[in-house]
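*Asks:* Residues or ranges marked as domain 'Alanine racemase N-terminal' by TrEMBL: 4-229. Feature annotation from TrEMBL assigns N6-(pyridoxal phosphate)lysine to 33.
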């Protein structure tokens, strides 16, 4: 098959065996950003269920694709990109939204809580994004602020369920020189709870095996599965690009 799922799943299985926490499972989120519908369906037919998108407009559009709804009824969408306040209501309307991994402020949490609660009784799974590297171009709160944000969301957002933490490791780190310090740093942030009760979303195509060995329970892999992006995805509602009827 064109996509590289079998090999990636084997690598994940082997990394889990070598994990410091002796975990048996690690969720694979296939990052389908800029990928066509046919690639998502191909991965779904192989057994993949969790998919990630980093743009709200693209995620919303794909979630209501008639072809995807028909071919992938059990798909579970993860939002893994930067949250924009003016698009949170649209995010809450995504079909089959399973998790938002990038909440990093109380303002965003409150809007998402209200928007989700309008049409859903079961709380939405979310993760708090932590900027462990301190890089200004990355979203996420400081590690020292995690406890406070977690407590606020727990107290004020009944329609959200904080299931764990998410981070993006600093680029350019040599994975052969030792553990990524960003991964090590985030594993210690469990707000007084047992690590067994919370998830860690860390690790991408270039470093997911090390992330799993350090305790990641959720890896976000795109290029290693689908290959390099060869075209730009155009949402169906972008009428200026393809003259189709908006959703």
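Every residue gets a Cβ built from N, Cα and C, even glycine.
Nobody curates TrEMBL annotations by hand; they come from automatic prediction.
What's the neighbourhood like for each of these?
*Replies:* When pLDDT values are averaged over the domain 'Alanine racemase N-terminal' (4-229), the model yields 91.
Under DSSP, residue 33 (N6-(pyridoxal phosphate)lysine) is assigned to coil, being neither helix nor strand in the three-state scheme.
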